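Undergrad: From TrEMBL, here are the annotated features:
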DOMAIN    1-139  domain 'Lactate/malate dehydrogenase N-terminal'
BINDING   7-12, 32, 62, 76-77, 92, 115-117, 140  NAD(+) binding site
BINDING   79, 85, 117, 118, 119, 120, 145, 146, 147, 148, 227  substrate binding site
DOMAIN    142-303  domain 'Lactate/malate dehydrogenase C-terminal'
BINDING   150, 165  beta-D-fructose 1,6-bisphosphate binding site
ACT_SITE  172  active site, proton acceptor
MOD_RES   218  phosphotyrosine
Ligand code: ADP
């Protein structure tokens, strides 16, 4: 599968590197308005290929995206320390207008995988600009928050995160919702599993995990200015689900017809992802407080998208 990446900065290059290592693509093309950066990143990633999977890696102009099956949109301006994701919006919306025009000239049918923040609103912006069907404009959304949730729950319960089925819903950001009521370890509700293994999920454990998930990006930004490895791997995971028509259940963002009474809003829910993009969306069982938190998250995202006009 041919994958384009527009924006060869930290996130775009980490996605390219993760793809090369995981074997997610037969060809990767990096595009950036800073051509020297795209060329350097492509060369650097290409040098990892002999240690990984066969894959051609190059840099080019938008024309080089011709025939791309999927293009990752990682262009934009970086989040500053302490800066709310939403405040990045208008600057990044302008970048997307330019970028998507370039991409679609070369590859009109390509699927779009949005990584730029604030990712949910950027997904809605990308859908609007591209005119593609909504299931083909996918935001990385809470894929990473969900991974962090599973990892912290797995640590607490003493099981592999792969055996934890739990999702973070709504916005990728401050209003995100950890779906505790539907969280399972194996086939057991996590609360029951915790009691069985002597690791009860008390209120303070819940708060610690919630904080650990919700504040992760802020902590990393404090230490290194931005985040890229985790999201790079998450993007490669989504690409693999598409490439291999895996029909994996991933928490990703697309514009959703209705959630908790809010219509046409991009946010994350567990979704079945395969060759044609998002194939099905699931709404997990929610506790009352989770349902109202999801509604607030959806309303906030909808308002932000509307404020763009
Ligand atoms: P992040 O940490 O989100 O990856 P970076 O600043 O490292 O942020 O990367 C963003 C990349 O997007 C930069 O390399 C920048 O040159 C690129 N970029 C910004 N605007 C455009 C644009 N209009 N077209 C193509 N690339 C762009």
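Here the Cβ of each residue, glycine as well, is placed from N, Cα and C on the backbone.
Unlike curated records, TrEMBL annotations are generated automatically.
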Undergrad: Which one of the binding-site residues (32, 145) has its C-beta surrounded by the most other C-beta atoms within 10 angstroms?
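TA: When each Cβ's neighbours within 10 Å are tallied, 145 leads.
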Undergrad: Sequence gap of 6 or more, C-beta under 8 Å: which same-chain residues meet both conditions with respect to residue 7 (NAD(+) binding site)?
TA: 31, 32, 72, 73, 74, 75, 76, 99, 115, 116
Undergrad: Do you know which of the recorded positions 9, 11, 79, 117, 165, 172 end up with C-beta under 6 Å from ligand 1?
TA: 9, 11
Undergrad: Over the domain 'Lactate/malate dehydrogenase C-terminal' (142-303), what is the model's average pLDDT?
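TA: Here the mean pLDDT over the domain 'Lactate/malate dehydrogenase C-terminal' (142-303) amounts to 97.
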Undergrad: Long-range same-chain neighbours of residue 9 (NAD(+) binding site), Cβ under 8 Å, sequence gap at least 6?
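TA: In sequence order, 32, 37, 74, 75, 78 meet the Cβ cut-off.
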Undergrad: What whole-number Å value do you get for the CA-CA distance of residue 79 (substrate binding site) and residue 218 (phosphotyrosine)?
TA: 10
Undergrad: Filter the recorded positions 92, 119, 165, 172 down to the ones within 10 angstroms of the residue listed as 'phosphotyrosine', Cα to Cα, kept in sequence order.
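TA: Final answer: none.
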Undergrad: Here are the binding-site residues: 92, 116. Which has the lowest count of other Cβ atoms within 10 Å?
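TA: The binding-site residues 92, 116 were compared, and 92 has the fewest Cβ atoms within 10 Å.
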Undergrad: Closest to residue 227 (substrate binding site): which of the recorded positions 11, 92, 140, 150, 172, going by Cα position?
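TA: That would be 11, the closest of 11, 92, 140, 150, 172 to residue 227 (substrate binding site).
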Undergrad: Which residues in the same chain, at least 6 apart in sequence, have a Cβ under 8 Å from the Cβ of residue 11 (NAD(+) binding site)?
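TA: Sequence-distant Cβ neighbours: 74, 115, 116, 226, 228, 231, 232, 235.
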Undergrad: For residue 140 (NAD(+) binding site), just count the other CB atoms lying within 10 A of its CB, please.
TA: 32
Undergrad: Among all protein chains shown, how many Cβ atoms are found within 10 Å of the Cβ of residue 76 (NAD(+) binding site), not counting that one?
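TA: Residue 76 (NAD(+) binding site): 24 neighbouring Cβ atoms within 10 Å.
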Undergrad: Near residue 119 (substrate binding site), how many other Cβ atoms are within 10 Å of its Cβ?
TA: 29
Undergrad: Counting Cβ atoms within 10 Å across all protein chains shown, which of the binding-site residues 79, 117, 227 comes out on top?
TA: 117
